[in-house]
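Features as listed in TrEMBL:
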- K44: active site, proton acceptor (ACT_SITE)
- Y278: active site, proton acceptor (ACT_SITE)
- R143, M326: substrate binding site (BINDING)
- 257-384: domain 'Alanine racemase C-terminal' (DOMAIN)
- K44: N6-(pyridoxal phosphate)lysine (MOD_RES)
Amino acid sequence: MTETTALRTAPLRARAEIDLAALRANVRTLRALAPGAALMAVVKSDAYGHGAVPCARAAVEAGATWLGTATPEEALVLRAAGLRGMRIMCWLWTPGGPWREAIEADLDVSVSGMWALREVTAAARQAGAPARVHLKADTGLGRGGCQPGDDWAELIREALRAEAEGLIRITGLWSHFACADEPGHPSIAAQLTCFQGMVAYAEERGARPEVRHVANSPATLTLPQSHFDLVRTGIATYGISPSPELGGPADFGLRPVMTLSASIALVKQVPGGHGVSYGHRYITPGETTLGLVPLGYADGIPRHASGAGPVLVGGKWRTVAGRIAMDQFVVDLGGDEPEAGAQAVLFGPGDHGEPTAEDWAQAAGTIAYEIVTRIGTRVPRVYVHESASV
Ligand SMILES: *Cc1c(COP(=O)(O)O)cnc(C)c1O
């Protein structure tokens, strides 16, 4: 019995089942949507809570030729786990970051300003090898990236000088959207125009990037003219729609990868008028049964979903009764009496009647990205369909 099989069959308190066949199918679907571009699977933040290394492997099996992370540390972990042969890019750098380690691990790095260009060229001198650098343009997001105008002119001039000295290779020119999940938002066209101008400026002065890239999941799904040479898909890789306004995952041929469930820890009868959980924010309306679900905000179940989060128990949707505590919450089972150990499904693909991460996002007043990404380390990830042949 493999370790994974043991985990799968053990009576766990709770588990996040990760369907790697769904993830591979999502990657293939996204590649078909952007046929002219390479695909970068964004696996930052432990693959949005799904587990970086197994998800990265599965994405590469399905044709992702790039992996993306926020921090260099996340990218170095992928190489250390034996992921070789594909490009890995990381973009969230702070002064003193592991530039030399990144060069030696064959990472692609992002540079948004002069301090970073100085640090990466110094590290390349020490390493005796050129760094692969993507110059990031702020085309309107107002977050990372170099401002157009004088700042971009200086960064391009100095980056080309470093390239001529053999210290860096300008492998990418890139940017990020502010409102790609709101098709038709005027900022989208404005950012594309700005990006094209900043790319043209760099190329006219001699930059020869392998890849120009700007599309995240919503742009990959809705805006073909943003695909350029590479699309960077995060949330869609995990089968979640970037925004319910764009449609559900099935509308794009995507399937949610994570199913979060728990074994009910206790079922008991209580009289009417019984307060439930801290603060007694729920009072039983009459005699009923309560089920104790052993997951709480320490596991990433948002406390904001108190009194609102949906759970499938015995084929019926139940709602969190009262407050979600650190480790547990209660559902009113309305007189049903499942055995302790019965399954409570918080969210999954939705095709077996269970709620979705999007339902939890709505219950908590947030986005589905946050729901899956915050599932804590106390919840074991159980991988199914690990073999690519399935
Ligand atoms: C997180 C991230 C992505 C992926 O965004 P999704 O909306 O999850 O596809 C792409 N690019 C950058 C720079 C990011 O930080």
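Just so it is clear, glycine is given a Cβ too, placed from its N, Cα and C backbone atoms.
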Could you tell me the C-alpha distance between K44 (active site, proton acceptor) and R143 (substrate binding site) in angstrom, no decimals?
18
Per residue, counting other C-beta atoms within 10 angstroms of the C-beta, which of the recorded positions K44, R143 reaches the highest number?
K44
Nonlocal residues around Y278 (active site, proton acceptor), in sequence order (Cβ under 8 Å, 6 or more apart):
G322, R323, A325
Summarise the model's confidence over the domain 'Alanine racemase C-terminal' (257-384) as a mean pLDDT value.
98
For M326 (substrate binding site), which residues in the same chain are close in space, meaning a Cβ under 8 Å from its Cβ, but six or more apart along the sequence?
G296, Y297, A298
Under a three-state reading of DSSP, tell me whether K44 (active site, proton acceptor) is helix, strand or coil.
helix
With DSSP, how much of the domain 'Alanine racemase C-terminal' (257-384) is helix, how much strand and how much coil, in residues?
23 helix, 44 strand, 61 coil
Where does R143 (substrate binding site) sit in the DSSP three-state scheme?
coil
